[in-house]
């Protein structure tokens, strides 16, 4: 066989293998045996090995995985990957439908419908195709940006490496499919119940995954794509965006996704009423246990994409969609003991130790009890038969006692008076249900919890620095507070058990990477009592640096929107402590961001009093960055165009919002003109 004959054979093999892949993974209708399929793959691999210059990125041989990736690059999403608001009851679902109806009627829309789709319990990802070829795959991350995991996603059999050719007579416009018209597909990657059980059977008990979703998330974080390939992940596609599909409804886009080679799920249905939706929900709740994978409900979406744009979104979720979650599943087990944990702020939390019981695919042996008042409310005793509940990814909780089954030897749960970690007498602030250990910097449990929090995903996101490693570093005396992390030397790590050259360097790389985290994430990472992610973001917007926060009085802090007296007092007190001053000094020497990248509050108020709407794709900003620039300059950004809108910034592929702005006579500027407005304020 000469090279030209081999090239023709390779093309034919790829077509045949891709077709069999589609039949097997998307249609569940295999036409040949596994043995024959493997034989085709082997023949292809042999020919490509003989003629390596004929290997292409979309060849089926490239799914097996390649080199190890040391770190995942961060990529920004074209548009934010928002989460969905959710409900567990039909009444709230009806309220959602009523809100949609009211909003659409105010826009003169009378006829519309919805799609109902199964809600798969997995990990959301985004795929970018250029000229039909998969060029990028990324995790949802924080919604604005995520990890670029293209190599790992290429191993997922239901993700086409190259999109299938459109059917004859398709509305798909290949003329518009070019570099400026990239196509984005989003979906949920998940693992079947059978594959989940198989993976756990091969792992030590202490390393087993809690559920298929956790197993999927852990798999996608693997740095060796060959390992990912072994775990047989699946993706269901639910979102399609690109110029060729601009006029299609959501339901039509799902059909187009299937045509292009994607798996679009077990079922989706067009619904016109609450009764239609309820019928879909009931049908699949009855069928869910028979499915090969976990579902936790259904997603209801407004079908017309133009109407979706009219409704827009809040900062967290779209107004045109909602997730209906099936009722939590319950199980009965024995409360064997109650232990008390000390958190990063000194809060004492009782934790139930349970006789292990299987629930929703997980083995449950522990559950939070929140506080002592909850123990009293439930009248819990050691030895009681208790009811536990678990819904989706929520931590399991004890919701009741089977009082008639209480054994004679059941014991009451005695409240604590001293800290279980350091022995300090506990304090009980007025108007709070939580007890606290006041030994903030001397309590070993608080020190450990603060470090774990500092390294956590929503804080500094330090890869490889989990609870066990924190405990090891504390035990070796290498760290005392988060600032010490940035001065650890590799030689010190190599002297510790379980640390080799690679693991030590990986940890140091993770610590170094955390220096680039945003100012608001650093505020959250400090672990100030009552300061969660939302409050940290508010502080970062209001104050430009840690120095300005430190120097702010309690009264000035109280003047900040959404910050009341309790939070203000806690923040002001935190920065007066010598240990905090020492920590901030270390962080500054290490080169962390102790100030915001945003302009100061006295930046020119170009958009003061204005309401701005962005539409279409922006080339030089993400939506979040553009909105931030408006906010810093006194304006407000909304997602819908109305008579109150002052300005519409129109990017590429602007849709219904642009048309509505023209109809209402709202001022419209291009992205270039928006940039000119920003530049003019500084005389650039």
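Don't overthink the numbers, they just go from 1 along the chain as shown.
Backbone N, Cα and C atoms are what each Cβ position is placed from, and that goes for glycine too.
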Residue in 443, 558 which Swiss-Prot records at the Zn(2+) site where 419, 422, 437 also bind: 443
Secondary structure content of the domain 'BRCT' (602-684), with strand meaning DSSP E or B: 29 helix, 17 strand, 37 coil
Sparsest Cβ surroundings (other CB atoms within 10 Å) among the recorded positions 119, 140, 301: 140
Between residue 140 (NAD(+) binding site) and residue 422 (Zn(2+) binding site), the C-alpha gap once rounded to whole angstrom: 40
Alpha-carbon spacing, residue 422 (Zn(2+) binding site) to residue 84 (NAD(+) binding site), which is rounded to whole Å: 42
Candidate recorded positions 84, 119, 301, pick with smallest Cα gap to residue 443 (Zn(2+) binding site): 84
Rounded Cα-Cα span from residue 84 (NAD(+) binding site) to residue 437 (Zn(2+) binding site), Å: 37
From recorded positions 84, 119, 301, the one whose Cα lies nearest residue 419 (Zn(2+) binding site): 84
Cβ neighbours of residue 443 (Zn(2+) binding site) where a neighbour is any other Cβ within 10 Å: 21
